[in-house]
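Comments concern the structure below.
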Amino acid sequence: MGSIAKEEQPSTKVEKPTFSSKANTLEFAQSLDAKDHMRRFRDQYIIPSKANIKTKKLAKPGLSDEPSIYFCGNSLGLQPKCVQEYLQAHLDTWSSIAVHGHFRDLEDSPLTQWQLLAEHAAKQCAPIVGAKASEVAIMGTLTTNLHLLMASFYTPTPEKSKIIMEWKAFPSDHYAIESQIRGHGYNPEEAMVMIAPDEGSYEISTEKILRTIDEHASTTALLLLPGIQYYTGQLFDIKTITAYAQSKGLTVGWDLAHAAGNVPLQLHDWNVDFAVWCTYKYMNAGPGSIAGAYVHERHGEVDYSEGEEKPKYRHRLMGWYGGDQSCRFLMNNKFRPSPGASGYQVSNPSVVDLTSLCAALSIFNQTSMAEISQKTLHLTAYLEHLLLSTNSSDSPAFRIITPSDPSARGTQLSVLLKPGRLETLSDMLEEAGIVADKRKPDVIRVAPVPLYNTYEDVWNFVQIFNKALEKCEEA
(Lines of atoms letter the chains of each structure in order from A and count residues from 1; the text may use other names and numbers.)
(Lines give C-alpha, C1' and ligand atoms only; values in the text may rest on other atoms or scores of the structure.)
Protein backbone atom coordinates (compact mmCIF):
# COMPACT_ATOMS: atom_id res chain seq x y z
CA MET A 1 0.00 0.00 0.00
CA GLY A 2 3.03 2.29 -0.07
CA SER A 3 5.18 3.91 2.55
CA ILE A 4 4.15 6.43 5.16
CA ALA A 5 4.85 10.03 4.25
CA LYS A 6 6.71 10.66 7.49
CA GLU A 7 7.46 13.86 9.27
CA GLU A 8 9.72 13.96 12.28
CA GLN A 9 7.85 12.60 15.28
CA PRO A 10 6.89 15.40 17.68
CA SER A 11 8.18 15.08 21.21
CA THR A 12 5.52 14.32 23.79
CA LYS A 13 7.02 16.96 26.06
CA VAL A 14 7.19 20.43 24.56
CA GLU A 15 9.18 23.07 26.41
CA LYS A 16 7.64 26.52 26.25
CA PRO A 17 10.10 29.23 25.17
CA THR A 18 10.95 31.92 27.70
CA PHE A 19 11.70 35.54 26.89
CA SER A 20 13.96 38.19 28.39
CA SER A 21 12.93 41.43 30.04
CA LYS A 22 13.54 43.15 26.69
CA ALA A 23 10.87 41.06 24.92
CA ASN A 24 8.31 43.86 25.00
CA THR A 25 10.23 46.04 22.54
CA LEU A 26 10.07 46.40 18.79
CA GLU A 27 13.81 45.82 18.56
CA PHE A 28 13.47 42.45 20.27
CA ALA A 29 10.71 41.37 17.89
CA GLN A 30 12.82 42.44 14.91
CA SER A 31 15.78 40.49 16.26
CA LEU A 32 13.62 37.34 16.37
CA ASP A 33 12.59 37.92 12.77
CA ALA A 34 16.21 38.33 11.73
CA LYS A 35 16.98 34.84 13.12
CA ASP A 36 13.83 33.22 11.72
CA HIS A 37 14.71 30.60 9.10
CA MET A 38 11.10 30.57 7.88
CA ARG A 39 10.95 34.26 7.01
CA ARG A 40 11.72 33.25 3.43
CA PHE A 41 8.13 32.06 2.97
CA ARG A 42 6.36 35.35 3.73
CA ASP A 43 7.19 36.73 0.29
CA GLN A 44 5.38 33.79 -1.31
CA TYR A 45 2.01 35.07 -0.03
CA ILE A 46 -0.09 38.11 -0.86
CA ILE A 47 -0.52 40.11 2.35
CA PRO A 48 -3.58 42.39 2.02
CA SER A 49 -2.75 46.03 2.55
CA LYS A 50 -4.40 48.04 5.30
CA ALA A 51 -6.20 50.10 2.68
CA ASN A 52 -7.43 47.14 0.69
CA ILE A 53 -9.00 45.31 3.62
CA LYS A 54 -11.33 48.29 4.07
CA THR A 55 -12.23 48.88 0.43
CA LYS A 56 -15.63 47.95 -1.00
CA LYS A 57 -14.27 47.53 -4.52
CA LEU A 58 -11.89 45.04 -6.08
CA ALA A 59 -8.44 45.50 -4.60
CA LYS A 60 -6.15 48.00 -6.28
CA PRO A 61 -2.42 47.42 -5.65
CA GLY A 62 -1.68 51.15 -5.58
CA LEU A 63 -3.97 52.01 -2.66
CA SER A 64 -1.35 51.28 -0.02
CA ASP A 65 1.84 49.31 0.41
CA GLU A 66 1.49 49.04 4.19
CA PRO A 67 0.49 45.44 4.92
CA SER A 68 -2.29 44.57 7.31
CA ILE A 69 -1.64 42.38 10.32
CA TYR A 70 -3.43 39.21 9.25
CA PHE A 71 -4.04 36.83 12.16
CA CYS A 72 -7.04 35.06 10.63
CA GLY A 73 -5.45 32.02 8.99
CA ASN A 74 -7.52 29.82 11.29
CA SER A 75 -10.56 31.04 9.34
CA LEU A 76 -9.13 31.64 5.85
CA GLY A 77 -5.49 31.42 4.87
CA LEU A 78 -3.83 34.00 2.65
CA GLN A 79 -3.43 33.54 -1.08
CA PRO A 80 -0.09 32.08 -2.22
CA LYS A 81 1.30 34.05 -5.15
CA CYS A 82 1.76 30.86 -7.17
CA VAL A 83 -2.00 30.19 -7.22
CA GLN A 84 -2.49 32.66 -10.06
CA GLU A 85 0.24 30.98 -12.11
CA TYR A 86 -1.28 27.53 -11.56
CA LEU A 87 -4.82 28.71 -12.34
CA GLN A 88 -3.65 30.38 -15.54
CA ALA A 89 -1.94 27.14 -16.56
CA HIS A 90 -5.21 25.28 -15.99
CA LEU A 91 -7.20 27.82 -18.01
CA ASP A 92 -4.64 27.64 -20.81
CA THR A 93 -4.88 23.85 -20.79
CA TRP A 94 -8.66 23.93 -20.94
CA SER A 95 -8.71 26.52 -23.74
CA SER A 96 -5.99 24.90 -25.85
CA ILE A 97 -6.63 21.15 -25.64
CA ALA A 98 -10.08 20.98 -23.99
CA VAL A 99 -11.10 17.40 -23.14
CA HIS A 100 -7.57 16.11 -23.83
CA GLY A 101 -6.53 17.82 -20.59
CA HIS A 102 -7.93 14.82 -18.75
CA PHE A 103 -5.19 12.50 -19.97
CA ARG A 104 -2.38 14.62 -21.42
CA ASP A 105 0.58 16.09 -19.53
CA LEU A 106 1.89 19.39 -20.88
CA GLU A 107 5.64 19.89 -20.63
CA ASP A 108 5.49 23.57 -19.64
CA SER A 109 2.65 23.28 -17.09
CA PRO A 110 3.13 22.97 -13.32
CA LEU A 111 0.07 20.68 -13.30
CA THR A 112 -0.31 17.02 -14.13
CA GLN A 113 -3.18 15.73 -16.28
CA TRP A 114 -6.60 16.26 -14.75
CA GLN A 115 -7.32 12.57 -14.15
CA LEU A 116 -4.27 12.31 -11.89
CA LEU A 117 -4.53 15.67 -10.18
CA ALA A 118 -6.47 14.46 -7.11
CA GLU A 119 -3.95 11.65 -6.64
CA HIS A 120 -1.10 14.15 -6.94
CA ALA A 121 -2.71 16.43 -4.34
CA ALA A 122 -3.15 13.45 -2.01
CA LYS A 123 0.57 12.71 -2.27
CA GLN A 124 1.35 16.33 -1.41
CA CYS A 125 -1.04 16.26 1.54
CA ALA A 126 0.04 12.93 3.02
CA PRO A 127 3.16 14.22 4.87
CA ILE A 128 1.12 17.03 6.41
CA VAL A 129 -1.23 14.58 8.12
CA GLY A 130 1.26 11.75 8.64
CA ALA A 131 -0.30 9.19 6.34
CA LYS A 132 0.49 6.97 3.43
CA ALA A 133 -0.49 8.61 0.15
CA SER A 134 -2.92 5.75 -0.45
CA GLU A 135 -4.71 6.64 2.80
CA VAL A 136 -5.55 10.19 1.65
CA ALA A 137 -8.28 11.28 -0.75
CA ILE A 138 -8.80 14.84 -1.89
CA MET A 139 -12.50 15.28 -2.49
CA GLY A 140 -15.69 17.11 -1.57
CA THR A 141 -15.95 19.46 1.36
CA LEU A 142 -15.43 18.72 5.04
CA THR A 143 -19.03 18.08 6.09
CA THR A 144 -19.78 16.16 2.90
CA ASN A 145 -16.76 13.96 3.57
CA LEU A 146 -17.84 13.53 7.17
CA HIS A 147 -21.22 12.26 5.98
CA LEU A 148 -19.58 9.93 3.44
CA LEU A 149 -17.25 8.41 6.00
CA MET A 150 -19.88 8.18 8.71
CA ALA A 151 -22.03 6.26 6.24
CA SER A 152 -19.27 3.66 6.29
CA PHE A 153 -17.94 3.88 9.84
CA TYR A 154 -21.05 4.62 11.91
CA THR A 155 -22.75 1.23 12.02
CA PRO A 156 -25.08 1.37 15.01
CA THR A 157 -26.96 -1.52 16.54
CA PRO A 158 -29.74 -1.46 19.14
CA GLU A 159 -27.07 -2.27 21.72
CA LYS A 160 -24.41 0.20 20.49
CA SER A 161 -25.83 3.31 18.84
CA LYS A 162 -24.17 6.23 20.67
CA ILE A 163 -21.66 8.72 19.32
CA ILE A 164 -19.32 10.37 21.83
CA MET A 165 -18.55 13.95 20.82
CA GLU A 166 -17.59 17.29 22.31
CA TRP A 167 -19.96 19.67 24.02
CA LYS A 168 -20.75 22.60 21.71
CA ALA A 169 -19.15 21.08 18.63
CA PHE A 170 -18.82 23.19 15.50
CA PRO A 171 -22.45 23.40 14.27
CA SER A 172 -21.86 21.59 10.98
CA ASP A 173 -20.36 18.60 12.82
CA HIS A 174 -23.27 18.63 15.25
CA TYR A 175 -25.79 18.66 12.40
CA ALA A 176 -24.00 15.85 10.57
CA ILE A 177 -23.91 13.66 13.67
CA GLU A 178 -27.52 14.39 14.56
CA SER A 179 -28.76 13.62 11.05
CA GLN A 180 -26.76 10.40 10.81
CA ILE A 181 -28.27 9.20 14.08
CA ARG A 182 -31.78 10.11 12.94
CA GLY A 183 -31.17 8.42 9.59
CA HIS A 184 -30.48 5.15 11.38
CA GLY A 185 -33.71 5.48 13.35
CA TYR A 186 -32.24 6.47 16.71
CA ASN A 187 -32.97 9.41 19.01
CA PRO A 188 -30.18 12.05 19.03
CA GLU A 189 -31.10 13.10 22.57
CA GLU A 190 -30.20 9.61 23.73
CA ALA A 191 -27.44 8.75 21.26
CA MET A 192 -25.36 11.95 21.32
CA VAL A 193 -22.99 11.83 24.30
CA MET A 194 -21.49 15.30 24.72
CA ILE A 195 -18.35 15.81 26.79
CA ALA A 196 -18.42 19.16 28.60
CA PRO A 197 -15.29 21.03 29.73
CA ASP A 198 -13.83 20.32 33.14
CA GLU A 199 -15.52 22.25 35.94
CA GLY A 200 -14.34 25.85 36.07
CA SER A 201 -12.39 25.46 32.83
CA TYR A 202 -12.82 25.79 29.08
CA GLU A 203 -10.63 22.74 28.50
CA ILE A 204 -11.75 19.14 28.17
CA SER A 205 -9.08 17.03 29.82
CA THR A 206 -7.90 13.75 28.37
CA GLU A 207 -8.81 12.13 31.67
CA LYS A 208 -12.42 13.25 31.34
CA ILE A 209 -12.61 11.96 27.77
CA LEU A 210 -11.27 8.56 28.87
CA ARG A 211 -13.74 8.44 31.77
CA THR A 212 -16.58 9.18 29.36
CA ILE A 213 -15.40 6.38 27.10
CA ASP A 214 -15.39 4.01 30.08
CA GLU A 215 -18.88 5.07 31.08
CA HIS A 216 -20.45 4.63 27.64
CA ALA A 217 -18.23 2.11 25.83
CA SER A 218 -20.74 -0.74 25.99
CA THR A 219 -23.40 1.36 24.24
CA THR A 220 -21.22 3.44 21.88
CA ALA A 221 -20.47 2.83 18.22
CA LEU A 222 -18.28 5.84 17.39
CA LEU A 223 -16.03 8.46 18.99
CA LEU A 224 -15.85 11.62 16.88
CA LEU A 225 -13.85 14.60 18.14
CA PRO A 226 -12.04 17.62 16.70
CA GLY A 227 -8.26 17.56 16.59
CA ILE A 228 -8.36 21.18 17.77
CA GLN A 229 -11.47 22.70 19.32
CA TYR A 230 -12.46 25.63 17.11
CA TYR A 231 -13.56 28.02 19.91
CA THR A 232 -10.85 27.45 22.52
CA GLY A 233 -7.96 26.30 20.33
CA GLN A 234 -7.34 23.24 22.53
CA LEU A 235 -5.36 20.45 20.82
CA PHE A 236 -6.51 17.01 21.95
CA ASP A 237 -4.20 14.07 22.60
CA ILE A 238 -5.21 12.22 19.45
CA LYS A 239 -2.80 9.33 19.94
CA THR A 240 -3.82 8.51 23.51
CA ILE A 241 -7.56 9.00 23.00
CA THR A 242 -7.61 6.94 19.80
CA ALA A 243 -5.76 4.01 21.34
CA TYR A 244 -7.93 3.99 24.45
CA ALA A 245 -11.23 4.22 22.59
CA GLN A 246 -10.25 1.45 20.20
CA SER A 247 -9.22 -0.76 23.12
CA LYS A 248 -12.82 -0.42 24.32
CA GLY A 249 -14.23 -1.45 20.94
CA LEU A 250 -15.02 2.00 19.51
CA THR A 251 -14.39 3.22 15.99
CA VAL A 252 -12.56 6.57 16.07
CA GLY A 253 -12.85 9.53 13.70
CA TRP A 254 -11.38 13.05 13.87
CA ASP A 255 -12.35 16.40 12.40
CA LEU A 256 -8.99 18.03 11.68
CA ALA A 257 -10.26 21.34 10.29
CA HIS A 258 -8.10 23.34 12.72
CA ALA A 259 -5.27 20.80 13.01
CA ALA A 260 -4.26 19.91 9.44
CA GLY A 261 -1.41 22.17 8.36
CA ASN A 262 -1.24 23.63 11.87
CA VAL A 263 0.21 20.90 14.10
CA PRO A 264 2.20 17.70 13.44
CA LEU A 265 -0.03 14.68 12.89
CA GLN A 266 0.74 10.96 12.53
CA LEU A 267 -2.63 9.51 11.57
CA HIS A 268 -1.27 6.19 10.31
CA ASP A 269 1.02 5.57 13.27
CA TRP A 270 -1.74 6.59 15.68
CA ASN A 271 -4.01 4.00 14.02
CA VAL A 272 -6.84 6.51 13.48
CA ASP A 273 -9.78 4.90 11.64
CA PHE A 274 -10.81 7.95 9.63
CA ALA A 275 -10.44 11.72 9.55
CA VAL A 276 -11.58 14.73 7.54
CA TRP A 277 -10.25 18.26 7.11
CA CYS A 278 -10.65 21.40 5.04
CA THR A 279 -7.86 23.08 3.08
CA TYR A 280 -8.84 26.75 3.21
CA LYS A 281 -7.43 27.48 6.67
CA TYR A 282 -3.80 26.57 7.29
CA MET A 283 -3.30 24.99 3.85
CA ASN A 284 -4.27 28.26 2.11
CA ALA A 285 -6.14 26.76 -0.87
CA GLY A 286 -8.87 29.41 -0.98
CA PRO A 287 -12.41 29.92 0.34
CA GLY A 288 -14.58 26.81 0.16
CA SER A 289 -11.75 24.83 -1.43
CA ILE A 290 -11.78 21.08 -1.86
CA ALA A 291 -11.28 19.07 1.32
CA GLY A 292 -9.35 16.01 2.45
CA ALA A 293 -10.22 12.62 3.88
CA TYR A 294 -8.12 9.95 5.54
CA VAL A 295 -8.98 6.25 5.77
CA HIS A 296 -6.54 3.87 7.47
CA GLU A 297 -5.19 1.33 5.01
CA ARG A 298 -6.89 -1.60 6.78
CA HIS A 299 -10.26 -0.06 5.88
CA GLY A 300 -9.30 0.51 2.25
CA GLU A 301 -8.33 -3.04 1.35
CA VAL A 302 -10.00 -4.75 -1.62
CA ASP A 303 -10.04 -8.56 -1.48
CA TYR A 304 -10.19 -10.50 -4.75
CA SER A 305 -9.79 -13.95 -3.17
CA GLU A 306 -13.14 -15.02 -4.65
CA GLY A 307 -12.28 -13.76 -8.12
CA GLU A 308 -12.10 -10.51 -10.06
CA GLU A 309 -15.88 -10.33 -10.36
CA LYS A 310 -16.50 -10.58 -6.59
CA PRO A 311 -14.36 -8.00 -4.81
CA LYS A 312 -14.86 -7.72 -1.05
CA TYR A 313 -14.47 -4.32 0.57
CA ARG A 314 -15.80 -2.18 3.38
CA HIS A 315 -19.27 -0.80 2.74
CA ARG A 316 -19.34 2.81 1.56
CA LEU A 317 -21.54 5.12 -0.49
CA MET A 318 -20.37 4.42 -4.02
CA GLY A 319 -19.77 6.68 -6.98
CA TRP A 320 -17.95 6.20 -10.26
CA TYR A 321 -14.88 8.14 -9.16
CA GLY A 322 -14.27 5.63 -6.39
CA GLY A 323 -13.83 2.92 -8.99
CA ASP A 324 -10.40 1.64 -9.92
CA GLN A 325 -8.86 3.65 -12.75
CA SER A 326 -8.24 0.47 -14.73
CA CYS A 327 -11.99 -0.10 -15.12
CA ARG A 328 -13.53 3.31 -14.41
CA PHE A 329 -14.43 3.89 -18.05
CA LEU A 330 -15.68 0.38 -18.88
CA MET A 331 -19.23 1.50 -18.04
CA ASN A 332 -20.29 -2.03 -17.07
CA ASN A 333 -21.85 -1.05 -13.71
CA LYS A 334 -19.58 -3.45 -11.84
CA PHE A 335 -18.00 -1.49 -9.02
CA ARG A 336 -14.39 -2.36 -8.27
CA PRO A 337 -13.14 0.21 -5.77
CA SER A 338 -9.74 1.76 -5.93
CA PRO A 339 -7.64 0.46 -3.04
CA GLY A 340 -7.21 2.90 -0.17
CA ALA A 341 -8.99 6.15 0.57
CA SER A 342 -9.52 6.94 -3.11
CA GLY A 343 -12.08 4.13 -3.18
CA TYR A 344 -14.31 6.34 -1.03
CA GLN A 345 -14.48 9.07 -3.68
CA VAL A 346 -17.84 9.65 -5.31
CA SER A 347 -17.68 12.32 -8.00
CA ASN A 348 -15.22 13.92 -10.39
CA PRO A 349 -13.45 16.61 -8.30
CA SER A 350 -13.25 20.23 -9.41
CA VAL A 351 -10.02 20.80 -11.31
CA VAL A 352 -10.12 24.50 -10.41
CA ASP A 353 -10.15 23.54 -6.72
CA LEU A 354 -7.41 20.95 -7.18
CA THR A 355 -5.29 23.47 -9.06
CA SER A 356 -5.49 25.99 -6.24
CA LEU A 357 -4.71 23.30 -3.66
CA CYS A 358 -1.72 21.92 -5.56
CA ALA A 359 -0.31 25.43 -5.80
CA ALA A 360 -0.77 26.05 -2.08
CA LEU A 361 0.75 22.69 -1.13
CA SER A 362 3.80 23.34 -3.30
CA ILE A 363 4.95 25.72 -0.54
CA PHE A 364 4.53 23.03 2.12
CA ASN A 365 6.77 20.83 -0.04
CA GLN A 366 9.58 23.33 0.60
CA THR A 367 9.42 22.83 4.37
CA SER A 368 8.09 20.31 6.90
CA MET A 369 5.52 20.21 9.67
CA ALA A 370 8.42 19.86 12.10
CA GLU A 371 9.86 23.20 10.95
CA ILE A 372 6.42 24.83 10.84
CA SER A 373 5.55 23.64 14.35
CA GLN A 374 8.83 24.95 15.75
CA LYS A 375 8.01 28.45 14.58
CA THR A 376 4.43 28.05 15.80
CA LEU A 377 5.81 27.14 19.23
CA HIS A 378 7.87 30.33 19.45
CA LEU A 379 5.49 32.71 17.65
CA THR A 380 2.46 31.80 19.75
CA ALA A 381 4.49 31.74 22.97
CA TYR A 382 5.72 35.26 22.17
CA LEU A 383 2.14 36.41 21.57
CA GLU A 384 1.04 34.85 24.87
CA HIS A 385 3.98 36.42 26.73
CA LEU A 386 3.25 39.92 25.45
CA LEU A 387 -0.48 39.67 26.13
CA LEU A 388 -0.05 38.42 29.68
CA SER A 389 2.72 40.86 30.54
CA THR A 390 0.30 43.77 30.27
CA ASN A 391 -2.86 42.11 31.61
CA SER A 392 -3.44 43.15 35.23
CA SER A 393 -3.70 40.20 37.58
CA ASP A 394 -5.89 42.22 39.96
CA SER A 395 -8.49 43.18 37.38
CA PRO A 396 -7.74 41.35 34.12
CA ALA A 397 -9.29 42.81 30.98
CA PHE A 398 -9.29 39.42 29.28
CA ARG A 399 -8.54 35.75 29.77
CA ILE A 400 -6.71 33.43 27.40
CA ILE A 401 -8.82 30.25 27.35
CA THR A 402 -6.46 28.31 25.08
CA PRO A 403 -4.24 25.91 27.06
CA SER A 404 -0.95 27.45 28.16
CA ASP A 405 0.77 24.10 27.60
CA PRO A 406 2.26 24.34 24.07
CA SER A 407 1.70 20.60 23.50
CA ALA A 408 -2.04 21.22 23.89
CA ARG A 409 -2.43 23.94 21.26
CA GLY A 410 -1.40 25.04 17.81
CA THR A 411 -1.02 28.59 16.58
CA GLN A 412 -4.37 29.95 17.84
CA LEU A 413 -4.92 31.81 21.10
CA SER A 414 -8.55 32.44 22.05
CA VAL A 415 -8.88 35.66 24.03
CA LEU A 416 -12.04 35.87 26.14
CA LEU A 417 -13.13 39.47 26.69
CA LYS A 418 -15.42 40.96 29.29
CA PRO A 419 -19.08 40.69 28.22
CA GLY A 420 -20.21 43.31 25.72
CA ARG A 421 -16.73 44.26 24.48
CA LEU A 422 -16.42 41.98 21.44
CA GLU A 423 -18.03 44.12 18.72
CA THR A 424 -16.43 47.39 19.83
CA LEU A 425 -12.95 45.92 20.15
CA SER A 426 -13.23 44.07 16.84
CA ASP A 427 -14.19 47.29 15.07
CA MET A 428 -11.20 49.09 16.61
CA LEU A 429 -8.80 46.36 15.51
CA GLU A 430 -10.16 46.37 11.97
CA GLU A 431 -9.88 50.14 11.78
CA ALA A 432 -6.21 49.79 12.75
CA GLY A 433 -5.56 47.30 9.95
CA ILE A 434 -5.76 44.09 11.97
CA VAL A 435 -7.67 41.05 10.73
CA ALA A 436 -8.55 38.61 13.51
CA ASP A 437 -11.54 36.36 14.00
CA LYS A 438 -14.36 37.02 16.44
CA ARG A 439 -16.45 34.17 17.80
CA LYS A 440 -19.51 34.74 19.93
CA PRO A 441 -19.76 34.86 22.80
CA ASP A 442 -16.93 37.26 23.64
CA VAL A 443 -13.90 35.60 22.04
CA ILE A 444 -11.32 36.95 19.62
CA ARG A 445 -9.32 34.15 18.03
CA VAL A 446 -5.79 35.28 17.20
CA ALA A 447 -3.73 33.00 14.96
CA PRO A 448 -0.25 34.09 13.83
CA VAL A 449 0.58 31.70 10.99
CA PRO A 450 4.26 30.71 10.76
CA LEU A 451 4.38 30.67 6.96
CA TYR A 452 3.57 34.36 6.57
CA ASN A 453 3.38 36.11 9.94
CA THR A 454 6.29 37.71 11.79
CA TYR A 455 7.30 38.48 15.35
CA GLU A 456 6.98 42.15 14.47
CA ASP A 457 3.36 41.45 13.48
CA VAL A 458 2.83 40.00 16.95
CA TRP A 459 4.44 42.98 18.69
CA ASN A 460 2.42 45.50 16.67
CA PHE A 461 -0.80 43.59 17.27
CA VAL A 462 -0.35 43.60 21.04
CA GLN A 463 0.34 47.37 21.11
CA ILE A 464 -2.84 48.07 19.14
CA PHE A 465 -4.86 45.50 21.10
CA ASN A 466 -3.85 47.05 24.43
CA LYS A 467 -4.75 50.57 23.29
CA ALA A 468 -8.13 49.33 22.06
CA LEU A 469 -8.74 47.65 25.42
CA GLU A 470 -7.95 50.89 27.25
CA LYS A 471 -10.50 52.75 25.13
CA CYS A 472 -13.09 50.07 25.88
CA GLU A 473 -12.40 50.43 29.61
CA GLU A 474 -12.83 54.21 29.38
CA ALA A 475 -16.09 53.99 27.41
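Every residue, even glycine, has its Cβ placed from backbone N, Cα and C.
Per Swiss-Prot, the features are:
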BINDING   Leu142, Thr143, Phe170, Pro171, Ser172, Asp173, Asp255, His258, Tyr280, Trp320, Asn348  pyridoxal 5'-phosphate binding site
MOD_RES   Lys281  N6-(pyridoxal phosphate)lysine
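Where Swiss-Prot records a feature, it is marked here on the structure.
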residue : record                              : CB count, 10 Å
Leu142  : pyridoxal 5'-phosphate binding site : 23
Phe170  : pyridoxal 5'-phosphate binding site : 18
Ser172  : pyridoxal 5'-phosphate binding site : 14
Asp255  : pyridoxal 5'-phosphate binding site : 29
Tyr280  : pyridoxal 5'-phosphate binding site : 23
Lys281  : N6-(pyridoxal phosphate)lysine      : 24
Asn348  : pyridoxal 5'-phosphate binding site : 14
Pairwise Cα distance for Asp255 (pyridoxal 5'-phosphate binding site)/Lys281 (N6-(pyridoxal phosphate)lysine) [Å, integer]:
13
Where does Lys281 (N6-(pyridoxal phosphate)lysine) sit in DSSP terms: helix, strand, or coil?
coil
Inter-residue C-alpha distance, Leu142 (pyridoxal 5'-phosphate binding site) and Lys281 (N6-(pyridoxal phosphate)lysine) (nearest angstrom):
12
Over the residue list Leu142, Thr143, Phe170, Pro171, Ser172, Asp173, Asp255, His258, Tyr280, Trp320, Asn348, recorded for pyridoxal 5'-phosphate, what is the maximum interresidue Cα distance in Å?
31
Whole-number Å distance between the CA of Asn348 (pyridoxal 5'-phosphate binding site) and the CA of Lys281 (N6-(pyridoxal phosphate)lysine)?
23
Translate the DSSP assignment of Asn348 (pyridoxal 5'-phosphate binding site) into the three-state scheme.
coil
What is the interatomic distance between the Cα atoms of Lys281 (N6-(pyridoxal phosphate)lysine) and Phe170 (pyridoxal 5'-phosphate binding site), given in whole Å?
15
